[in-house]
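A short worksheet on the structure shown next.
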């Protein structure tokens, strides 16, 4: 074992064979096209007769592949026993061959004499025949054969008489091929094979032999007889053979001696000691031993036999002092002087603890071992090693990859009763590596260090183990198998270099920019990121900018603000913004600013007759100036005096001069006013204005300014229809009163301005109290506020509106909604937004300041904009405010074309005011907006919007401004919340034939819950329309409707009314709209005048219910209904002892079945016991049915099963614990059966919720056999036990045994089940009526009941035949064909299952989270928004139709290009499943309209439980899985292309053992 010799296992595949795409991992098809031929990994090989893999010790995967930790069988490492193995290449030369071979025969005899009963079996393979020269002197080797007669013999052997070499030169023999056959035929593991030869091996099968030897822990010794005269093999011809031996940990010993040379015979005998229970104490290698190297030696406390010191290297020797200290005998040396064996009868001297070894030149290796003497010592310890990527993996690979961190995992065995503890572990190559040890349970390789190791393949490594066996402490050494990373040759024009095979990009191909050069903006160094694909740009220049691009608006001072608060001045913005292009907001081709062509909205100026003339003069001139300068074509102007003794009509005109003249003519005159004690008539003026609305006086978009001098009566108000007109037609009203008049009139009894607060809130106006004192600027606050009204409401669009009730807790900040900013008409980076804020006015005093009023406008990360603008409305530097007024205003520049989140911090003052916020932006585009009856043709405007009709906004812009523009509509309730209902956030895609925007009706609620809105405005909604550079908010009132129709009364989880029925599925309180199934949206089509679904990509059908799978499920196991695992758990207790095993064997031992013939689909069998003390024992876990059957038979199970001395007690066997233990060795991805059998039924217990959570991810049907001796007592917790079993598709079988187990139990039920693909034709936990199930006439079925027995009938009261009946609790009947079963038993409700055997339908079901999923990714949870969604794989000639009696609650839809081609789901939130057992039913229909029902049970838990760091998604029962994982609970791996999942899909296996890149990615994922 020389230092420079690498363990070059080479580029060997961990997987032998090529997989079929339509077979599960590690399976290939047999001659019948079935996926039954297994591929074996980690050096494992196929037992052809049984079609199972023979694996190295401890490798529990059914293909010898990596598996997660699980409970191994007690005999797993003991299989095979000790063996003595020789391969004799009986072709020897004269003289040296003859004489040395004779010495080998004598040495072998001496070894057998020393250990006459030392081995359990003996294996000898020898050659027969000799080569020869043919008649033309060409060598012929076909006469050489290998004799395998002495395999697995129980007696020792002698070597055959010498055969002549035949041809006297160095020729090659098929040693490697026959080495493999010997290992496989003998079932050899963890042993030594000594090859006696004068000839080197043929190179063929070299790699395969090396792999199987290293994997199975087989050390290869070679006794090489050297003869440079007659066969003259050169060093070059045998160098590969030496390397091969060294890799396996064996000894290559060159021999040449005279016959009878005792030293030669002794050397041979000592080499053969490596066969007999070798106990390695130390293994150490060094690159240079010329100056001496230290090897640690720790002898066992009891030494009854010699220790062997094997030194490899040129003339290797210990130092002279150590010769004495270690009591070393004279060495026995090989012929080439490269090996020396020193023996010591007692190396326990402390001075021998560090052995110094020197060589004449070069490196050396020291190996110290002894042979176990179990009776006296040294201890017989068997140590098995594997290497794993993560402590959660039990066994993964037999060798580690150079430079990649792995955990060595170990199993140590001694005598069966010994208590073994691995105290510490260290490494020969790294003295600083001193990890903590952890004991894993359950696990085959139970000991694992806390940190990983790496290896260098040019060195020989070993691990030193400090082990306690009971009270005895010993040291052992194990060798580390290290695989080098393969090298590749890189050729360039200049030179050729050799590099390790490593990829800078993991799993992704990099791509190239094509068409134009790629440029990087300087700012930061460009770097290549390993493991990610570079981006591809075709035909365009690709540029990367480091940092952020700053864009500054021309003409304003700018400062870049990123993620920080920015203070804003009252009328200018000091914050610049970054131009952000977003795909989130609608965009269109930029165009010129649209000019106003028409705006026929009405402006009404109403003022009290006794209003102060001076203030009126200022105000009227201000208003007159605005309308004169900004009067659009078609604008109607109106004025009127209010509070007159005799009311006058409103005057209307379209001429600005006429309007200003009217305002002069009709100026206030106190002599015409009503008495001061009379109330204001402002409300009557509003009502008159509404009545006057006609074709020439357009109401929509109108503005009313009311100069109020007195307050209305406290019970005055508008009626709901009038509020509907005002709100729905976007009429904005601004009442304003002077402080003086408010104080004067508030003292009058029965007067209140509260109605003005309500009107302002519901019409998006403001009710203002202000001072009309004229200042030095010859102006007043009153007039300034009027000017602000005209600047905003008259000239600008209402961008945003929010009314916030004083009862809303905002002192710490709360979201008040989303603000969408349109693009700039001038293509500027920002848009100016004027914000006006008022506090609701009180009647009793001048407005009081709030404690805090701060608005934060937050950038939205999805637009790559994080700037925050903060506006403190109590800071005069930020805003324009007015003394003793409730009104504030400011203007800010906000980034164009993005969304902002608004946060308000408000702490009300003494008045506890409500807050009214409006935002305005310049835009002069004419529009026409109305809410219409969506069901009318043509669409007609409506004055009233109800919960039943919905709000359907029709919006028209000037033609040159609306063409080719997408628009959005965001609807918020009075709380500022965007409803979870459909159509609260809409996009309208402009079409070539569009002439207006028609939005889908939004079915509002009369009042949101909970509400913190301003009193009286709870039913108001605000809809913000945005189209490119235009935006306006159009509000509406939502009134109560007539209630939903009978078939539309149920809601989905978002509050939408959904209607029962078939496709097209309808929704809405009256079923007026098509439901697009969450995978499309409704759009209005002008030519057809219909709202229809525009489906998302991959979806079609009138309701977008038909999905076309883009990621088809290609897993062959997905639709596989065969049973692949079979687990039997036998409950033991003291009373019945092992008699329970005998009964279990009859029921579950599968006597008479042959695995390859009868159960070719079963991959794994497990046999466990659980004692009444709760301790499990694994009796068998593997793929061999014969071994499973053998261990089910007495006395075999008695040798392995622990005697249970605990008496039975109620409830000690928890089904959840039993299920968890049973599935540890099997996967979530395969179907199987678990049987639990107990003959004391009272021991059985279960908590249903816990059981469901544990069993949900698996496909294991659980059958509980609650059996008692002689009689059948009442089963405690029987309901829970039955339901637990049924959640898995299993059942509870309660019975009793009298004289024969067959008396009341069907012994063929489980064997028939395993040999079939089953489906469920009927399933109920509450059966009270007759039922009928249909199937083909020749199909057999099992009808099983619980809670009813001997009075169970069929076919009009006729008892079943072929039934096993257990009292009145259980029936098991095997019947054929369709049946009608009597269900109205006098006893009441009962449990029943009908299992069909080999049903041609065999639908396979999966639970999915969404319609487009084709792989199971969810479990059934009560927290889901709706009922569990199922998808089915059924034969092509069948369809799924509505279930009888379902009432349209279940929606069925076909799918295209999916493995699972139908879905069944429900959108109704009230119909979702509750925790516990739930049973889904589908009805299939064939071409002849015959129908068949099939049932699918499952357990529903409260919430999903995710593994491997997955995040639960409560709404659909799925998990958001991290990279590398998938499945309903993230427990299944998602392997890269260079790896394949194991059989259970919970570990990825690299295709190549030396693929370092693959290995690295899995050392951190699990």
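Just so it is clear, glycine is given a Cβ too, placed from its N, Cα and C backbone atoms.
Some features that TrEMBL has for this protein:
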COMPBIAS  499-584  compositional bias 'Low complexity'
DISULFID  55-64  disulfide bond
DISULFID  1076-1093  disulfide bond
DISULFID  1095-1104  disulfide bond
DISULFID  1521-1530  disulfide bond
DOMAIN    31-65  domain 'EGF-like'
DOMAIN    1067-1105  domain 'EGF-like'
DOMAIN    1498-1531  domain 'EGF-like'
REGION    499-589  region 'Disordered'
SIGNAL    1-20  signal peptide
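What TrEMBL annotates, mapped onto the structure for a quick look.
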residue : record         : Cβ neighbours (10 Å)
55      : disulfide bond : 26
64      : disulfide bond : 29
1076    : disulfide bond : 25
1093    : disulfide bond : 24
1095    : disulfide bond : 20
1104    : disulfide bond : 25
1521    : disulfide bond : 22
1530    : disulfide bond : 26
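For residue 1530 (disulfide bond), the nearest neighbour among the disulfide-bonded residues 64, 1093, 1095, judged by Cα separation, is 64. Looking at residue 64 (disulfide bond) and residue 1076 (disulfide bond), their Cα atoms lie 49 Å from each other. Residues belonging to the domain 'EGF-like' (31-65) score a mean pLDDT of 91 in the model. In terms of Cα spacing, the disulfide-bonded residues 55, 1076, 1521 that come within 10 Å of residue 1095 (disulfide bond) are 1076. Secondary structure counts, DSSP: the domain 'EGF-like' (1498-1531) has 0 helix, 12 strand, 22 coil.
Cα-Cα distance from residue 55 (disulfide bond) to residue 1076 (disulfide bond): 54 Å (rounded to the nearest whole number). Summarised by DSSP class, the composition of the domain 'EGF-like' (1067-1105) is 0 helix, 17 strand, 22 coil. Using a 10 Å Cα-Cα cut-off from residue 1104 (disulfide bond), the disulfide-bonded residues that qualify among 1076, 1093, 1521 are 1076, 1093.
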